[in-house]
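Student: So TrEMBL lists these for the protein:
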- 2-144: domain 'Lactate/malate dehydrogenase N-terminal' (DOMAIN)
- 8, 9, 10, 11, 12, 13, 14, 34, 93, 116, 117, 118, 233: NAD(+) binding site (BINDING)
- 80, 86, 118, 152: substrate binding site (BINDING)
- 146-332: domain 'Lactate/malate dehydrogenase C-terminal' (DOMAIN)
- 181: active site, proton acceptor (ACT_SITE)
Ligand SMILES: NC(=O)c1ccc[n+]([C@@H]2O[C@H](COP(=O)([O-])OP(=O)(O)OC[C@H]3O[C@@H](n4cnc5c(N)ncnc54)[C@H](O)[C@@H]3O)[C@@H](O)[C@H]2O)c1
Ligand SMILES: O=C(O)C[C@H](O)C(=O)O
């Protein structure tokens with residue numbers, strides 16, 4: 001029996017993500033919580049004839065939504081409008097994430113917590129530091145969801161190389177994304193040197209990297225003030241959540257290569273080695289992770305050895321910005337003490 005709770009379930013991401021989760025064979029109970037509309041969304045989904053039971057919870061029913069949850073996914077919070085950075089969302093979303101994570105610690109203390117709310121580079125530190133203060137921090141159970149960057153990296157690489165010859169499916173084993181989830185903290189790593197050489201010149205390579213790093217802006221601009229990526233994010237959020245669920249059910253990943261997650265490095269095996277290989281003491285970072293029973297148990301480090309000079313340069317730039325974002329999240333929690 002596996003219960004998944006979505007917090008922010010009636011939003012632009014929450015609704016399609018909940019639909020995809022309703023289709024997952026790994027879910028037996030799907031609990032949808034939001035400040036508005038969650039019971040309606042849940043009633044709608046409950047008519048779908050898959051095995052899970054779906055129930056909605058209103059504003060004052062957070063405890064019931066969380067009780068017994070094995071996985072809690074958090075897309076609650078405000079999205080960007082054109083001209084805004086993800087960091088501009090911090091003021092509102094940091095408080096939302098801190099409150100929802102505190103409630104999770106109280107009502108679902110062994111749940112894995114998957115943070116989608118932006119800015120992920122800061123909201124994950126907010127989540128972890130909040131749990132530390134409550135004496136309830138289990139590092140392998142808190143994951144920032146950066147899968148949309150991976151989805152974009154595959155799609156845009158295929159676009160850049162010509163999909164006819166280099167199919168989108170094949171890209172899954174040739175590129176991953178590490179670092180963080182905003183602008184230059186997003187660092188695509190083309191792990192296959194042969195594929196990297198197909199990006200014929202530096203201009204084409206730079207254009208590809210830039211498109212992955214600022215892919216979110218493309219959607220924000222195109223939606224003209226109505227929000228940011230919701231459907232592609234729902235798919236990405238589902239892919240990551242299903243990976244956690246697959247691991248809980250002791251099933252192996254079906255796709256090539258482990259997915260990255262934005263995690264607290266010192267808390268997992270390989271974390272300190274990764275810090276040392278990258279020459280940094282940054283505490284929060286996204287990299288491919290290994291899971292066991294739904295918890296992150298190890299972060300991969302092998303990819304560091306094959307980095308190109310351009311990728312090393314990009315990581316240096318990433319770390320400078322990421323450190324500021326992480327400190328901001330930590331300061332927010334400390335200021336509440
Ligand atoms: N990690 C990523 O890759 C990624 C990708 C896209 C969007 N996002 C982020 O996800 C968040 C949600 O985006 P969206 O497009 O779904 O926004 P949205 O406004 O459409 O939906 C957000 C939902 O959260 C709900 N909500 C707000 N405060 C809440 C609270 N305290 N408890 C429960 N629910 C609450 C709202 O009522 C709303 O239904 C944004 O912060 C956005 O920037 C992250
Ligand atoms: O761009 C945004 O604000 C939403 C999300 O982080 C994205 O990458 O699409």
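In case you wondered, yes, glycine gets a Cβ from its N, Cα and C as well.
Please go over these features one by one and say how buried each is and what sits next to it.
Tutor: If you take every residue in the domain 'Lactate/malate dehydrogenase N-terminal' (2-144) and average the pLDDT, you get 98.
A coil conformation is recorded for residue 12 (NAD(+) binding site) in the three-state DSSP classification, outside any helix or strand.
Residue 80 (substrate binding site) falls within neither a helix nor a strand when secondary structure is assigned with DSSP, and so counts as coil.
DSSP assigns residue 181 (active site, proton acceptor) to coil, not to a helix or a strand. Cβ environment of residue 181 (active site, proton acceptor): 86, 118, 119, 120, 121, 144, 146, 148, 149, 262, 286 lie under 8 Å away, each six or more residues apart in the same chain.
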Student: From the centroid of the CB atoms of 80, 86, 118, 152, the recorded substrate site, which same-chain residues not already listed sit within 8 A by their CB, in sequence order?
Tutor: 79, 119, 181, 182, 216, 220, 228, 229
Student: Counting other Cβ atoms within 10 Å of each Cβ, which of the binding-site residues 8, 14 scores lowest?
Tutor: 8
Student: Do you know which of the binding-site residues 80, 86, 93 end up with C-beta under 6 Å from ligand 2?
Tutor: 80, 86
Student: Express the distance between the Cα positions of residue 12 (NAD(+) binding site) and residue 152 (substrate binding site) as a whole number of Å.
Tutor: 19
Student: DSSP on residue 117 (NAD(+) binding site), three-state: which is it?
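Tutor: For residue 117 (NAD(+) binding site) - judged by DSSP and reduced to three states - the answer is coil.
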Student: Taking the Cβ of residue 233 (NAD(+) binding site) as the centre, how many other Cβ atoms fall within a 10 Å radius?
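Tutor: Counting Cβ neighbours of residue 233 (NAD(+) binding site) within 10 Å gives 23.
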Student: If you count the other Cβ atoms within 10 Å of each Cβ, which of the binding-site residues 93, 117, 118 comes out on top?
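Tutor: Result for the most crowded candidate: 117.
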